[in-house]
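Database features, via Swiss-Prot:
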BINDING   Gly81, 84-85, Thr89, 91-94, 109-117, Ala121  5-phospho-alpha-D-ribose 1-diphosphate binding site
BINDING   Gly81, Asn112  anthranilate 1 binding site
BINDING   Ser93, Glu227  Mg(2+) 1 binding site
BINDING   Arg167  anthranilate 2 binding site
BINDING   Asp226, Glu227  Mg(2+) 2 binding site
Amino acid sequence: MSDALKPLIGLAADRALTRTEAETAFAALFNGEATPSQMGGLLMALRTRGETVDEYAAAAAVMRAKCNKVSAPADAMDIVGTGGDGKGTLNISTATAFVVAGAGVPVAKHGNRNLSSKSGAADALTEMGIQVMVGPKVVEKSLKEAGICFMMAPMHHPAIAHVMPTRQELGTRTIFNILGPLTNPADVKRQLTGAFSRDLIRPMAETLKQLGSEVAWLVHGSDGTDELTITGVSWVAGLSEDGNISEFEVHPEEAGLPEHPFEAIVGGTPAENAAAFRALLEGTPSAYRDAVLLNSAAALKVAGVVSSLKEGAERAAESIDSGAALGKVTAVARITSEAS
């Protein structure tokens with residue numbers, strides 16, 4: 001039992017914790033000092049009252065401090081979603097990561113098993129021949145040689161094991177449902193991050209600012225997806241290099257792309273998703289391709305290599321049609337397979 005945590009649970013139910021108080025509380029969780037009852041008490045107190053930016057930042061900072069880190073270039077970025085949107089779409093952020101890497105931007109992607117898709121990023125990558133359960137040394141080799149890596153959350157955040165049984169028993173969303181995108185082990189400074197709720201995009205942008213990010217787009221689709229949607233409008237909270245956070249909308253037409261019905265981007269089994277993924281990277285036209293082009297355009301804008309979404313979509317299409325994006329998949333599969 002953690003004596004330090006006990007009074008903080010009571011405080012958390014009544015008021016927002018300060019950054020220091022929240023760091024003390026989450027250190028107790030991640031150090032394995034808290035009992036399951038204390039963990040559950042803290043998580044539910046925060047959820048019931050509603051977490052604050054300081055509490056998000058504190059939890060993420062403690063997780064980052066305890067993670068198995070990865071060395072990455074200064075211009076590397078992450079492309080990730082919270083998951084948990086329940087929409088079962090194709091693996092859009094995963095495909096986007098390879099397209100962006102094919103366009104020359106280093107991508108250090110943080111991910112896990114399926115949450116919102118019928119198969120998550122790790123599931124689709126496994127079907128594509130990529131070994132995901134590899135450690136930091138292999139990840140760094142992949143990033144250095146292929147320009148992209150996939151960091152499996154359990155391989156980099158062992159401290160989370162202390163909390164997993166309690167999370168599973170609670171069976172409801174907690175602060176941990178948004179911590180993945182906030183705790184990239186490569187400490188990237190640029191992010192395209194999807195959220196399962198529009199209400200999260202502003203506080204998540206403010207949290208990333210506190211944690212030292214330079215440029216980030218936090219996005220949510222009007223169809224409920226945790227990415228820029230090809231089915232209509234998306235909402236964005238954008239952190240710019242001057243530290244300002246602005247909120248705006250993105251429409252597919254801004255990238256020169258048509259809208260598609262939601263049914264056209266619904267995924268299936270890991271094998272089905274991997275087949276769609278490969279067809280996309282081989283240049284097959286589809287709603288899936290357009291969804292990936294839209295998100296890739298945004299990522300390239302966040303990376304600072306294009307000035308408009310239309311230019312970004314054109315650059316992304318070139319990455320696909322030249323075979324560069326598929327080449328990145330092949331390279332990562334080779335590097336991770338040689339290491340396993």
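Just so it is clear, glycine is given a Cβ too, placed from its N, Cα and C backbone atoms.
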Across all protein chains in the structure, which of the binding-site residues His110, Arg167 has the highest Cβ count within 10 Å?
His110
Can you tell me whether DSSP puts Glu227 (Mg(2+) 1 binding site) in helix, strand or coil?
coil
DSSP-derived class (H/G/I helix, E/B strand, else coil) of Asn112 (anthranilate 1 binding site):
coil
To the nearest Å, how far is the Cα of Asp226 (Mg(2+) 2 binding site) from the Cα of Asn112 (anthranilate 1 binding site)?
15
If you measure from the CA of Ser93 (5-phospho-alpha-D-ribose 1-diphosphate binding site) out to 10 Å, which binding-site residues from the list Asn112, Arg167, Glu227 are inside that radius?
Glu227
Here's one to test understanding: among the binding-site residues Gly81, Asn112, Arg167, whose C-alpha is closest in space to the C-alpha of Glu227 (Mg(2+) 1 binding site)?
Gly81
Do you know offhand how many angstrom separate Arg167 (anthranilate 2 binding site) and Asn112 (anthranilate 1 binding site) by C-alpha?
16
Around the Cβ of Ser93 (5-phospho-alpha-D-ribose 1-diphosphate binding site), how many other Cβ atoms lie within 10 Å? Please give the count over every shown protein chain.
27
Measuring Cα to Cα, how far is Gly81 (5-phospho-alpha-D-ribose 1-diphosphate binding site) from Asn112 (anthranilate 1 binding site) in Å?
10
Counting every protein chain present, what is the number of Cβ atoms, excluding its own, within 10 Å of the Cβ of Asn112 (anthranilate 1 binding site)?
18
In which DSSP state, out of helix, strand and coil, do we find Thr89 (5-phospho-alpha-D-ribose 1-diphosphate binding site)?
strand
Looking only at C-alpha atoms, tell me how far Thr89 (5-phospho-alpha-D-ribose 1-diphosphate binding site) is from Asn112 (anthranilate 1 binding site), rounded to the nearest Å.
16
What's the number of neighbouring CB atoms sitting within 10 A of the CB on Glu227 (Mg(2+) 1 binding site)?
30
